[in-house]
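> The transmembrane segment feature in Swiss-Prot is assigned to 22-42, 60-80, 95-112, 113-133, 147-167, 192-212, 224-244, 256-276, 284-303, 308-330, 351-371, 391-411.
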Amino acid sequence: MLKIIIPTIMLMPLTWLSKKNMIWINTTTYSLLISLISLSLLNQPNNNSLNFSLMFFSDPLSAPLLVLTTWLLPLMLMASQHHLSKEPLIRKKLYITMLAMLQTFLIMTFTATELISFYILFEATLVPTLIIITRWGNQTERLNAGLYFLFYTLVGSLPLLVALISIQNLTGSLNFLLIQYWNQALPDSWSNIFLWLACMMAFMVKMPLYGLRLWLPKAHVEAPIAGSMVLAAILLKLGGYGMLRITMMLNPQTNFMAYPFLMLSLWGMIMTSSICLRQTDLKSLIAYSSVSHMALVIVAVLIQTPWSYMGATALMIAHGLTSSMLFCLANSNYERTHSRTMILARGLQTLLPLMAAWWLLASLTNLALPPSINLIGELFVVMSSFSWSNITIILMGANITITALYSLYMLITTQRGKYTHHINSIKPSFTRENALMALHMTPLLLLSLNPKIILGFTY
């Protein structure tokens, strides 16, 4: 694992030692090399030799998320170049340092063996993200958004620490690898119900669960492009990853405690999809679509069958790439029209024809068109929830329909129709942006050829 963690840490001195005109080239190529090294983790031979030390390990669940994390750093650097071009050099370097720091924390979070170190790193990712949102956001509301983000996440995860200490007293270990062999079931008692709630709440706020999702649209809308990308693609997946890891030790509590949360997620996924249909703000629409996709992941994790686990993992990876791509597209529109309102930036297909092709591809993967991995994930979740209860097919069907509706609504509003008068002279799309979209799209298309590497540990 150190072959990925140490190069990422060394990205920080590289940033500060780079010359003014080489800063983007150095950091982007270097981080791309790191992501190519991390690809070897996906090839895990099917024996029990986990690539682990006492501190860090990777298994079929954490490896895809880890590769996604390393893959997104060069993409974030590529996306940030334009809006940082006016900033002084020291701020550019600070920005890249923050991204590298966040990357390091995320890699260590996804590979930690101890639950306490997982918790500490889970909280540590908060600091760079907060600095990125509150320092480089676009509007003054960014401070408000940062405050929401900080308090929701902190208040959600404080009970988790207490719960972890209590599990430590109960089992004598918090090691992921050892705790799977702890075969004593938790007895039914009020304290254990609260233990379950404390463990799950931290991750449900992070996911976010419908009802605890107020921080997400705020944070997304106010964050700069790299903040939005890392938030949508990776920080939401921390919640799913934590839930997948921690449900193993909470049996049999999950079997009856899951019902209210399952209902809330099934309801919330339809509600947030419907909210998307009424959005005027482009970034806000993409943020709400993230909430509705993550609700599917919560449903999948709580059903607790091998199929639903596979669906949850596939959906997390697929959504990470898709939503990140959508945020990049929204940002490239914003850099030209200086407005996130969809009505003011319509009809861009005539002005940016190549961007329209990327918009079409991104919208189609977002509505889970076959043969994308979004479809594979959704299909697994729908099938496992149908076998859990037949009525859920109505809710799932409604959700998939509304998802298709708002994706097409987004595509038609931004691309089709007559363009407004105030955007008659805008820059054409840069090679950098097209390369960025291609680097988002290629993994999505390639993974649909071989989806088994992202189906997690139950495949």
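Placement of Cβ uses the backbone N, Cα and C atoms for every residue, glycine included.
What you are looking at is a predicted structure, and each value in this text was computed from that prediction instead of being measured.
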> Is the transmembrane segment (95-112) close to the transmembrane segment (22-42), in the sense of at least 3 CB pairs under 8 angstroms with a sequence gap of 6 or more?
yes
> Who are the long-range neighbours of the transmembrane segment (224-244) in its own chain, taking Cβ under 8 Å and residues 6 or more past its ends?
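Those are 61-62, 65, 68-69, 72, 75-77, 79-80, 83, 95, 99, 102, 106, 109-110, 118, 122, 125, 129, 132-133, 136-138, 200, 202-208, 216, 283, 286-287, 290, 294, 297-298, 301, 309, 312-313, 316, 319-321, 323-324, 327-328, 331, 456, in sequence order.
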> Of the stretches 113-133, 147-167, 192-212, 308-330, which racks up the most C-beta pairs under 8 Å with the transmembrane segment (256-276)?
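Selected stretch: 192-212, with the most Cβ pairs under 8 Å.
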> If we skip the immediate neighbours and take only residues 6+ beyond the ends of the transmembrane segment (308-330), which ones have a Cβ under 8 Å from one of its Cβ atoms?
61, 64-65, 68, 72, 75, 79, 220, 225, 228-229, 232-234, 236-237, 240-241, 244, 282-283, 286, 289-290, 293-294, 296-297, 299-301, 340, 355, 358-359, 362-363, 365-366, 372-374, 376-381, 383-385, 433, 436-437, 440-441, 443-444, 447, 451, 454-459
> Can you work out which residues elsewhere in the same chain, 6+ from the ends of the transmembrane segment (60-80), have a Cβ less than 8 Å from its Cβ atoms?
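4, 8, 24, 27-29, 31-32, 34-35, 38-39, 41-42, 44, 95-96, 99-100, 103, 106-107, 110-111, 224-226, 229-230, 233-234, 237, 241, 244-245, 313, 316-317, 320-321, 324, 328, 331, 432, 435-436, 439-440, 443, 453-457, 459.
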